[in-house]
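Participant: Have a look at this one.
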Amino acid sequence: MIDIDDVAAINPELVQLLPLRPKDSLPLQENVTIPKQKRKSVNSKIPGPKEGLRSRSTRISTVSEVRIPAQENEMEVELPVSTNSRKPFPIHTGHPRPSCSTVTELPLLMISEEAEEQAHSTRSTSSANPGNSVRRKSCIVKEMEKMKNKREEKRAQNSEIRIKRAQEYDNSFPNWEFARMIKEFRVTMDCNPLTVTDPIEEHRICVCVRKRPLNKQELAKKEIDVISVPSKCLLLVHEPKLKVDLTKYLENQAFCFDFAFDETASNEVVYRFTARPLVQTIFEGGKATCFAYGQTGSGKTHTMGGDLSGKSQNASKGIYAMASRDVFLLKNQPRYRSLNLEVYVTFFEIYNGKVFELLNKKAKLRVLEDSKQQVQVVGLQEYLVTCADDVIKMINMGSACRTSGQTFANSNSSRSHACFQILLRAKGRLHGKFSLVDLAGNERGADTSSADRQTRMEGAEINKSLLALKESIRALGQNKAHTPFRESKLTQVLRDSFIGENSRTCMIAMISPGISSCEYTLNTLRYADRVKELSPHSGPSGEQAVQMETEEMDASSHGASLTGNEEEELSSQMSSFNEAMTQIRELEERAMEELREIIQQGPSWLELSEMTDQPDYDLETFVNKAESALTQQAKQAKHFSALQEVIKALRLAMQLEEQASKQINSKKRHQ
């Protein structure tokens, strides 16, 4: 029998207890010292039989099971084990087999109790402080945290970008966001503007567009430029828009024309590509016409007549004078010198459907059609000129007499169509004619309806004549058999320019670049586009809309569009307004005709009264004239009756026009 006390006496380190310390867990191994106490393990110096060794191994394994509860609570400890402790005990076969029944198990039981107490205290600490335990996060939680961090970083970046952009632009005016969007869009454009060296293409109908620079008033209001001219035939309008959720964006509309001139183009460049090719036509026996069309204040008079300084004008830098100089240059060339051509000029205006001569104290003229269906302007005088300087004098004289008025866009706006004609005559016979027309500013009916009756009548007549002009040019371009030139006085006077094989026309559409004129600019471009109907990408449409959105939010709105019902109601009111204007114009003409008849056939009562003032007047003569006057008076009763009916109808038409105008103004105020 081996006594355990003897073994302990020989190897005291086998039963020596050490303090516990937590450490990383290791896999359980047999023949290792118990995990809850730190003790040195050495090989026993007392040999024993194999049964005793197996009994000890079993006993040690039993004690090692105390570690399991501690592992479940994530508190792991490890006792350092010497290298020798992992080796098996040496077994001496010469000794008898020891018995394990007499070995006392008190130290092992004490070790087991301490391990259980330690495990119990660990469980209590974990349950009392659940936050101290380290828990692994799931993959979903980690991904959500990553997304949150990315969103915060993106917001911070956007905030920095907004602050930087706000520093680059002046926030004192409300349209700086649109200015930034337009600037960013222009950076992406490939610009190839028109140059003087570009070839000149000849067209029977040439439609061009010219953009003027921002004027002093627009710069003072801090307006932005919404027009871009990326190429020699393409023009873009950056129309500001506002969504329902107050998101601002641009609708970029493209228009294609034969030539597009930006704000840097001079009058000389515009003339080179527009009116200059037409000068050759009149020397070949043809008729040529050049129009300047556009909104009030868009630069029509500057282009046609020259530089303006208040009401004075430098006519030498306008298309009128440039065309005159080229006419005299061609006239003196050898190929045309033998024709013995003489140059004449006329200058008249059409105001409110009436024709007035600008070179003869604004004498009123009549437009009639003779038996050969040729339109004649009765009383219009032609002035012979021998050089370009004479022409410039005539232009200055006529421009000073032109009818003008004040509008919302121009304090000195031309309210009439001015027509300057250069005629070539050979032995009194008309050889060619070049008509240069400075059209009145186009107005919306809704804008003119709020003014007085005179201004409303001006606007109605201007729009009527411009519509007739557009249809006449389209008929010329499409070679239609019928040309609606009788629709207005303007097309009547220019009738011979729309018929015949050798007729050419050029239209210069003038536009304003400011954001406040965007709607009027689009109306001008659509008018010019329908004259010829070119597509920006060789398609059937003349417009292409490309939207560029930005996430800028603002409560200010550029403008609200009308609903379908409101547009229909306003359209019906405008139709009534235009019908009333047409009736007024027709009745006015009838009243003038009746009055002329009465004046021509009626007696001169003033002459009879003056006759009686003479001391030696002939009484017989007086009686004869009085009887004749009374007879004529009876015959003219029907003319008086007709005039009375016309005046009543004219009064009714004026009342209808006034009522329609008030309805339109009321509708505009409610909007």
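In case you wondered, yes, glycine gets a Cβ from its N, Cα and C as well.
Keep in mind it's a predicted model, so treat the numbers as computed, not measured.
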Participant: If I go by Swiss-Prot, which of R180, R186, R204, R210 binds ATP at the same site as G294, Q295, T296, G297, S298, G299, K300, T301?
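Facilitator: Given G294, Q295, T296, G297, S298, G299, K300, T301 bind ATP in Swiss-Prot, the matching entry from R180, R186, R204, R210 is R210.
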Participant: Out of 44-47, 72-75, 192-195, 220-223, let me know the one Swiss-Prot marks motif 'Microtubule tip localization signal'.
Facilitator: 44-47
Participant: Swiss-Prot tags one of 422-457, 458-493, 566-601 as coiled coil - which one?
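Facilitator: So the range that Swiss-Prot calls coiled coil is 566-601.
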Participant: Would you identify which of the modified residues S138, S576 has the most other C-beta atoms lying within 10 angstroms of its C-beta?
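Facilitator: Going through S138, S576 one by one, the largest Cβ count within 10 Å is at S576.
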Participant: For a quick check of packing: other C-beta atoms within 10 Å of the C-beta of S465 (phosphoserine), how many?
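Facilitator: Result for S465 (phosphoserine): 21 neighbouring Cβ atoms inside 10 Å.
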Participant: Rounded to an integer, what is the Cα-Cα distance in Å between S138 (phosphoserine) and S465 (phosphoserine)?
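Facilitator: Distance between the two Cα atoms comes out at 78 Å.
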Participant: Between S576 (phosphoserine) and S465 (phosphoserine), find the distance joining the two CA atoms and give it rounded to the nearest Å.
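Facilitator: Distance (Cα to Cα, whole Å): 18 Å.
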